[in-house]
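S.K.: According to Swiss-Prot, the protein has these features:
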MOD_RES   S2  N-acetylserine
REPEAT    6-39  repeat 'TPR 1'
REPEAT    40-73  repeat 'TPR 2'
REPEAT    386-419  repeat 'TPR 6'
REPEAT    493-527  repeat 'TPR 9'
REPEAT    564-597  repeat 'TPR 10'
REPEAT    598-631  repeat 'TPR 11'
REPEAT    633-665  repeat 'TPR 13'
REPEAT    673-713  repeat 'TPR 14'
REPEAT    826-860  repeat 'TPR 16'
REPEAT    980-1013  repeat 'TPR 18'
REPEAT    1020-1053  repeat 'TPR 19'
REPEAT    1055-1084  repeat 'TPR 20'
Amino acid sequence: MSSKEVKTALKSARDAIRNKEYKEALKHCKTVLKQEKNNYNAWVFIGVAAAELEQPDQAQGAYKKAAELEPEQLLAWQGLASLYEKCNQVNAKDDLPGVYQKLLDLYESADRQKWCDVCKKLVALYHQEKKHLEVARTWHRLIKTRQEDGADRQELYELWRKLSQLLAENIEDQNNETQQMLLTAFENALDLADNIPSEDHQVLYRNFIQCLSKFPHETTKLKKACEEMIAIYPTVQYPLEVICLYLIDSGSLTSEGHQYCCKLVEMNSKSGPGLIGLGIIALQDKKYEDAVRHLTEGLKESPVCIAGWCHLAEAQVKMHRPKEAILSCNQALKTIDNFGASGGNLHQKNLCLRLKAEALLKLSDGASSEEAVRTLDQVSDVDNTPGLLVLQGLACLNTGAVDKATKIMEDLVTSYPDLAEAHALEGRVHFTKKDYVQAEVSFQRALEKDAEVAEYHYQLGLTYWFMGEETRKDKTKALTHFLKAARLDAHMGKVFCYLGHYYRDVAGDRNRARGCYRKAFELDDNDAESGAAAVDLSLELEDTETALAILTAVTQKASAGAAKWAWLRRGLYHLKAGQHSQAVADLQAALRADPKDCNCWESLGEAYLSRGGYTTALKSFMKASELNPDSTYSVFKVAAIQQILGRYSEAIAQYQLIIKMKEDYVPALKGLGECHLLLGKVALVDFLDGKAVDYVEQALGYFTRALQHRADVSCLWKLVGDACTCLHPVSPSKVHVHVLGALLGQKEGQEVLKKEELLSLGGRCYGRALKLMSTSNTWCDLGINYYRQVQHLAETGSSMSDLTELLEKSLHCLKKAVRLDSNNHLHWNALGVVACYRGVGNYALAQHCFIKSIQAEQINAAAWTNLGVLYLATENIEQAHEAFKMAQSLDPSYLLCWIGQALIAERVGSYDTMDLFRHTTELSMHTEGAIGYAYWVCTTLQDKSNRETELYQYNILEMNAIPAAQGVLCKYVERIQNSASAFTMLGYLNEHLQLKKEAAEAYQRATTLLHSAEDQNTYNVAVRNWGRLLCSIGDYDRAIQAFKSTPLVELEDIIGFALALFMKGLYKESGSAYERALAVCKSEQDKAHILTAMAIVEYKQGKMDAAKSFLFKCSILKEPTAESLQALCALGLAMRDATLSKAALNELLKHIKRRNDYHSCLLMSAIYALQGHSVAVQRQVAKAVHSNPADPALWSLLSRIVAQYTQRSAKGGAVAGNVAHILDLNHGKKALLYTAVNQLAMGSSTAEDKSNTALKTIQKAAFLSPDDPAVWAGLMAACHADDKLALLNNTQPKRVDLYLALRSAVAASLKDKEILQNYNQSLEKWSFSQVVTGLIDTGKTSEAESLCTQSLKSNPDQPAVILLLRQVQCMSLLESQKPLPDAVLEELQKTVMSNSTSVPAWQWLAQVYQSQGMMGAAEMCYRKSLQVASQQGNWSGKLSSLLKLALLALEVCMANVSGDHWSSLVQEATSEALKVCFSPLAVFLQALLQFNRKMGARETRRLLERIVYQTGYPSSIVSAARWYLLRHLYAKDDPELIDVLVRNAETHGDKRILELNRKLSAQ
């Protein structure tokens, strides 16, 4: 290609680029390059086209190639620069500065404007990359070029200003050359500025000063710049702030600096630098308050001023505010750490650390001193600075390191003998060692070196304060130095504290002392000692306002748990002022500060007590007592509060603790006496008179001991009088009180006082109290005492003349009490009561007194009641009713007004009488209310005709009247023991409650009281009642004697006598007595009863015909009684004459309304049982239950019948027993036993139900009926069954050692039970067999054998015991697995034959034969047991025999013995068992037979799956069936069914099957 063609191609390429046909341009360029490889323009065009086509690498290569070819040509470099500017690649940015430099070189001579543009681009690039030096140099070159080009002043100003802006960032990272160029830029810009002053110029100056402030070496320029700016802009704060901060940091605040600060503060009162500067100047002038104020305010505005914090800390240390100083130092150190450690900062840091250590040492506590040591360790070059070594020594002293402090002190004194601080430290060391003489010398040396240090004077004064005896007496030296210290340092609070001590304790000037203490506290509000002393002295000087002001000021700013002294004192102040709630709050705050201050707890207790918070006060005093067990006061207050709260026993225990510490502590003795007296009064209210007497006796003992120490205390004598008088209601026979001789005027010993003597002693003690202090209350108590003496003498039969003098004395005393205090309603009331007494009978005076009492106290139920009694006594019924009604309205719970209303109702014959008396007994116990209620209950009970009335239902049944009346009457006779009618009523009520022994005792007491009475008929009735009850409780001899003591003419006496003879076993005499009664008897019904009784007497003598004859006579009477027909029916049963029994029962059913009642049902069932109809027995009772479902007796009977006759319905029997127990507890006691027996009869199915086991049921029965031998026997059976079940479940039996204990319980329960001897003997035999069986099962054969042998020794003729003995003896032989000799087998056979009616005996013999391999003999024995069970109707025996027979045959089958006999026997026995009842075991045995015949047969699987998957089978049988089914399935190789079976086993937790599955699957 020719050169012309090349030019044409290049032209085409240029045109293509212009037309944006870049690819076309590339083609042309490539064409050119094929001809001329080094064509510059072609390479440039390729670069342009590639760049436009976004192919930067190709473009870069092309431009570089072009630049290489012609480096002095611009096009390639311009293209490369443009490419790099657009490209974001890292290497492009790295290469761009070089490209710009090349362009600068090319443009410098060619185009100055473009040179400037490239230069600015290059600077921007350098600035972006933070190449500050290159920025400075390049921009400086630009300025120089523009200067050469003749740029104007404004342009140059802008260029220098721009340079200052470019370099002002990141000054800290710049080198010295760059920084100098920056300053030059600012200076030139300022010089070239035209608009002065102006906003831009001000900003520029501000930036210049800000820049200078960052250059520590340019302080001169900084100061100059600030001064210049201040001159130009006098109202601008910034330069002033900068120069102030500079002067502050440099520590060169002169008068000039002071002017700057003042000017700054004038311009802005909140200027931080200005205030800090003023604070530092104030500190230099020792104006510490101003310094702290200015510095604190300044640092709020300028918190990063390290020098400010340091100076603030220094000022605070000078003002003895160590805690504040520590905070300031910490803030300074934090700021230093944030700004980094330069040389200046290091100095400031050391200064801060020193100040912090000094402040910490002023706190004086160990923790602060330890921190001071750690702080000093951070100071550099501490070992070479004496001042720091002194601080280190003081820190060691405060932490207890005296030896180390001594070493530091000695080194300092040696190295710096002229250093005052060293000698002061020496003095401190000696002072700590209590070597005050040497301390004095050292402090004097320190003062010689520097006499103007307040601390040295204070320490010397302190040394004199604690020095020897002379100085202690004369503290003038101490005072002198304290005063000098106070003069030198007016902020040293502790010196003013000791000045306060001096003026208070030595000079006795309390006003001046208070002033010193207040000054000390003002200086240091943490000085609790000074504050407390100031408050205490203010209170002593009666300046409560000042004291309260101090306390309030402290408590308001105190944090939680602080200022205990202030809270405590303010609390005590409020307590004294009666402001109890505020006192409580303050004392609680004090306790938050010190929870272990027992005094504080005591004060809080007093505060609670003052506002009536007894419980909280009690807790407070108890806490105080815990903290200080030796504090008598705390324990006493605990006891006193418990006494107030009515916790007398606890109070007594506390008082006893005090008496152990101080035997003669009279308040505790008095408290003990009061508590026992109060307990006695409580016992009197509860009618526990014996207890009351004992408590009063103890109270008198304590009061006497107190009087031995303080006989001059009136209240003690009054309390003795109260104790003697309070027993007035107690029966004289119970009052025998031991009184110490000291109370009776004797020197030693004690006497027993009766009631009369005790009341008289009470009167004398009241008199003694009146001699010491005459009060209206004591006069009233004395008057009441005389009145009680009169009452007692009247009860004992004294004549009225003997009582007159005492009554006059009583009236005189009560009138005296009224005169002394006419507004006391109790005095008027007491006077009215005495005026009513029959020996006085002054009703007008009594009425006047009661009215005066009401006037004195409007709410006065007692006075209204007494007024009502007065009206009732005078037959004014309506007025009495109104008075009682008024009393009721005032106090509905006041008992006596209700008794008054009840008496009125009784008098007028109201139906509400009984209800009112009942209400009185519900309110409280009172003799009148009790006897009234008991009388009306007995009266209602005696009326047999009202049983169906609503009145009877409500008053007797619903209100539970009988036990309620019996309860109150018991209390009545406890106190009033001479009322025969009360004892008779009590006996009658006890009879109704089946409390026969108690009834007999009550009747006996009535008989004794009536023995000498004139009314012989009443006496005979009492004896009759007594005899009847003696007979009921089995005391027949005394019953016979009682009835013999009567004339025996009344029918009731004769039949009672006859019954007693009968029960004693004297049947002939009893029969004669009944004949005598029959002769006297007039009523047909009574005759029938007597004939029935005579028939029973004949029956007892074995005269059946005579008995039948008497009963037939009864039946032919006009009105035969149900009892006689029942007796005839029972006689038929006893004679086993079903026809007679049935005829009698049919006749009986004609005469009774309810055919299905318990007795008729029992008789009918007995007849069916006699006829052998077991199912009919159950049906009869079930029918009766259906007719009377609410009768618990019938449900109980049904449960018993099922257990005895139809065990197959045991589940129903258990349910019936539970129903009986729910309906009625009395029947339910026995029903629980029947329930348990039925549960046992149900077998293991109930045992698997953990919530309903026979064992739990029988345990409940034993708890409710511990005297029933059958219950203990049942418990033995339940334990045995539980142990068997445990073995079945492969667990350890729990009750293996209970059998002998339970047999002992059975034997103990059978003692003295003469009724049903045959039943008892059978029970005892069964229990014996059960014990032996249990011992055999648990492996205790030797004990079982010993038990059997002992039983046979006492009675050899016991076939059952012999059988048990042979079973025990055979155990060891069978365990040896040796064949038994024929002789042994023959002996065993004989033993079983002697027990041929025993099913278990034949089964046991069969098991013996089976163990010997004698299967035929075993089969014969099982068949024999089956025969015996069938003959006896023994359902369970029959079932067990069949199952055991089937098991025997199956064992033979599984031994693969040939023949069909045994397999057919299995089938036959199990089929018969299933006919008896559904038996899971029988079904399982059939399945096993099939498994043995054809293991893999489908029938085998069907039978086993029925057991495994159907419900109703016990878990043990199901588990065994799973075992065989799994073997069957593996034999059939059926994995699907195997998985189903394994899942079933997992669900039921059958581990045995899972283990078998693992073994079979591994084979």
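Just so you know, glycine gets a Cβ as well, placed from its N, Cα and C.
Keep in mind that what you see is a predicted model, and the values were worked out from it rather than measured.
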S.K.: Go through the chain and flag residues at least 6 beyond the ends of the repeat 'TPR 6' (386-419) whose CB is under 8 A from any CB in it; none is fine as an answer.
M.R.: 354, 357-358, 360-361, 364-366, 368-370, 372-373, 376, 379, 425-426, 428-429, 432-433, 449
S.K.: Counting only residues 6+ away from its ends, which parts of the chain sit with a Cβ under 8 Å from the repeat 'TPR 19' (1020-1053)?
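M.R.: Beyond its ends, the repeat 'TPR 19' (1020-1053) has Cβ neighbours at 980, 984, 987-988, 991, 996-997, 999-1000, 1003-1004, 1006-1007, 1010, 1059-1061, 1063-1064, 1077, 1080-1081, 1086.
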S.K.: Please indicate, using numbers and ranges, the residues of the same chain that are 6 or more beyond the repeat 'TPR 11' (598-631) and have a C-beta under 8 Å from a C-beta there.
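M.R.: Those are 564, 568, 571-572, 574-575, 578, 580-581, 583-584, 587-588, 590-591, 637-638, 641-642, 644-645, 661, in sequence order.
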S.K.: For the repeat 'TPR 14' (673-713), could you work out the same-chain residues 6 or more beyond its ends whose Cβ comes under 8 Å from its Cβ atoms?
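M.R.: Counting only partners 6 or more residues beyond its ends, the repeat 'TPR 14' (673-713) has Cβ contacts under 8 Å with 643, 646, 648-649, 651-652, 655, 664, 666, 719-720, 722-724, 726-727, 729-731, 734-740, 742-743, 772, 924-925, 971-972, 974-975.
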S.K.: Would you kindly list the residues that approach the repeat 'TPR 2' (40-73) from elsewhere in its chain, counting only those six or more residues past its ends and only Cβ-Cβ distances under 8 Å?
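M.R.: Apart from its flanks, the repeat 'TPR 2' (40-73) reaches 10, 13-14, 16-17, 20, 22-23, 25-26, 28-30, 32-33, 79-80, 82-83, 86-87, 89, 92, 102, 106.
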S.K.: How do the residues of the repeat 'TPR 2' (40-73) split into helix, strand and coil according to DSSP?
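M.R.: Helix (H, G, I), strand (E, B), coil: 27 helix, 0 strand, 7 coil.
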S.K.: Across the repeat 'TPR 19' (1020-1053), what are the DSSP residue counts per state (helix, strand, coil)?
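M.R.: Its residues divide into 25 helix, 0 strand, 9 coil.
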S.K.: With Cβ-Cβ distances below 8 Å as the criterion, list the same-chain residues six or more beyond the ends of the repeat 'TPR 16' (826-860) that contact it, or say none.
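M.R.: Distant Cβ neighbours of the repeat 'TPR 16' (826-860) are 776, 780, 783-784, 787, 790, 794, 800, 803-804, 807, 810-811, 814-815, 817-818, 866-867, 869-870, 873-874, 890-891.
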S.K.: Could you give me three numbers for the repeat 'TPR 1' (6-39), the DSSP helix, strand and coil residue counts?
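M.R.: Split by secondary structure, the repeat 'TPR 1' (6-39) comes out as 27 helix, 0 strand, 7 coil.
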S.K.: Across the whole of the repeat 'TPR 16' (826-860), what does the mean pLDDT come to? Round it, please.
M.R.: 92
